[in-house]
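Engineer: For reference, the structure I am asking about is given below.
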């Protein structure tokens, strides 16, 4: 975080850092649009009643009150108050229902916005941060092929972010139905509880999770051990996944004719499809990982988490899943599947771990020098000419000594300084990095493209 | 506003409308960077104490409370609570003071973000809207040439927005010192009060303002009439402005040796400089308008409002001024000058008055058809190839009848439909607007650039 971040949990970047964030946003938008997603922006506020629907996260809501209402806030029930959105999925659900007559289904949308969570700030947790989401929402139904296509779009997006120092990303996929069917087949009934404990595997290890399954979820030692076996199952292909899963079920006495097995098998089919299709399109990008649980309770099928090579401590940087019951209107359902990148955390990684930085602070490629204040108007006209030709240009703040003007350019990283010709002489332009200086006409001069571009670089410097 | 905007004052656009807003933001950013401004983004929240400093606007603040704190909000004084920023100037002041050791002065920054105001929603007023700001902040002092350069940048920016249907914009400039000196020269002491009443001229007319000056500000009929004379003064050049102002002072007995005159004369010199330099760089873009007052009390010199030809009812769409005392740190001052575009209101105008609209809903140029679900993987590979070549591509949601797939493309405005070749035949691509169809290879085919581009158009259609 910028060293001056004066409010814990609310990151703020210096201008040369913001360039990295801005370029990352531009890159994500480009990839999302390349994949045919439509951009929307929703209001930052939602009704308390919408925000409270979404279970666990709800305690992190920031509620609003107008200054005039101070002292009377509690006359209004929380459900009727406004709060800041804590993700972009709840707003999407509302948006889709409101505009169901205006959008084309399946509705593929991207959205990059700030979200707010009033949680206690801790290492790597922000109270205000940018999320970058893609979702596809169907009207009534939604084909399962989107459950592999969306993680693949995110893989492309994260791949494009490697330009800013991000390591390779791998999506880990699982399926709620598979887990639920298996747990029920074992005779466990507290499915939510088991998922919640399994979700802790990476943090606390198998032994502790096993104890919790016994103490919190009413599992026997054998049942707990079977849950851990499922969580540890991996496979390179859909076929292999199927074989291993069937072997596991057989060994734990889950019969293929049972309802529980049927449910698990539905999830298995989708997960196998995901693994195989992803391998065809982008080998190694998506793996089956049966310990992925996802805390949020609105996922009903596929769930995803994404990890960066060598950055396990970041946790999942892009998560999501399929949700069939989030958006409803009377009897009508709008099932969706989506993933969300926690962008601020990634930008923090780019800046502070990968060492990403703008090649210079100022977007300007040229600084026009000013010999004396009476000639400022001429400098302004030169700058206007360069800008009209698409060359970003600044003008010296004061008619200080030339060395001081060059130092201003240098501090901002502006590579060219333009000297208006005096006493009828031609103008000249100097590349203050190389020292090259030559005559130049603002109507025709063109900078070296590599020098003129403000770029982002990363790594040791 | 999108017909479904479900919360009064919180605008939300349909995807094809959002394209217009997004392009307007892109355009402003491009112009700001072309002029050498550095982009920053500040957190959405500020301390209550910062927000309350800024006088009149403060009553429009939205305060935050965490859900867990409901019922205990008022244990914390408003000054120590967090609130949403209502403009981008207060955050900039804080940012500059916090990062004074890290940024290069004069600090030229652009910032495009949402702001929130809890005011009663009314025609054309939003509670959540996007502002687009540029400011230059000096360390200790700030040369006055920025007072003409910044409005000229905004003129360029607004000129670039004409692409989306905005009429020509004219900046009206005045100077607080000029007005204050003149009022004091007349013997009036309630300068703030007089400015406030003069600010109402366009709304309620000269007669009513005159009455208010007498009843509210202790002015005599003659003093009120002199104030109105000043407000009505106009001039094409700095020289003419000076002559008319001196004539007015002489007629009302304001002596050139008086302190009040000296103050007015300082303002006059800056305003004359602005008018003359603007005329040299961009004739007709900036005019002196001595009735411009600006409600906010932190302006200390130049003030600006901007009006669109034929859209007087919109009021000022880009306002600002010079503020010498907003950001301070001990004895240190960071004087600034800046202007702010109320972007959401402009986008609303573009959409609903100028008829601006995206040429199509989807960014995709191509839809790959799917003959049957078994061939989806092949369609995905074709799409991946096109995307890798920078061609935005979508894939048909289902292997429905071809007519239905083409209808999906048509509804989204996707101009090309790609037919994967069957039984070893070549792929073909059809422009569904012109009907042209030809053989195509995803590795080499290039769309007609004009057809492939998602653009914004405006006007009757």
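Each residue, glycine too, has its Cβ placed from N, Cα and C.
Marked as L-histidine binding site by TrEMBL: B:87, B:88, B:89, B:117, B:131, B:135, B:294, B:298, B:299. The domain 'Aminoacyl-transfer RNA synthetases class-II family profile' annotation in TrEMBL covers B:28-363.
What's the neighbourhood like for each of these?
Structural biologist: Listed in sequence order, B:176, B:321, B:322, B:323 are the same-chain residues six or more apart from residue B:299 (L-histidine binding site) with CB atoms under 8 A from its CB. Under the three-state DSSP scheme, residue B:299 (L-histidine binding site) falls in the coil class.
Looking at the domain 'Aminoacyl-transfer RNA synthetases class-II family profile' (B:28-363) alone, the prediction's average pLDDT is 93.
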Engineer: If one looks at the chain holding residue B:294 (L-histidine binding site), which residues at least 6 apart in sequence have a CB under 8 angstroms from its CB?
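Structural biologist: Residue B:294 (L-histidine binding site) has long-range Cβ partners B:195, B:199, B:303, B:305, B:319, B:321.
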Engineer: Identify, among the binding-site residues B:89, B:131, the residue whose Cβ has the fewest other Cβ atoms within 10 Å in this structure.
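Structural biologist: The binding-site residues B:89, B:131 were compared, and B:131 has the fewest Cβ atoms within 10 Å.
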Engineer: Once the DSSP letters are reduced so that anything not helix or strand counts as coil, what is residue B:89 (L-histidine binding site)?
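Structural biologist: Reduced to three states, the DSSP call for residue B:89 (L-histidine binding site) is helix.
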Engineer: Using only the residues recorded as binding L-histidine (B:87, B:88, B:89, B:117, B:131, B:135, B:294, B:298, B:299), report the maximum Cα-Cα distance in Å, whole number please.
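Structural biologist: Max Cα-Cα spread across the L-histidine binders: 21 Å.
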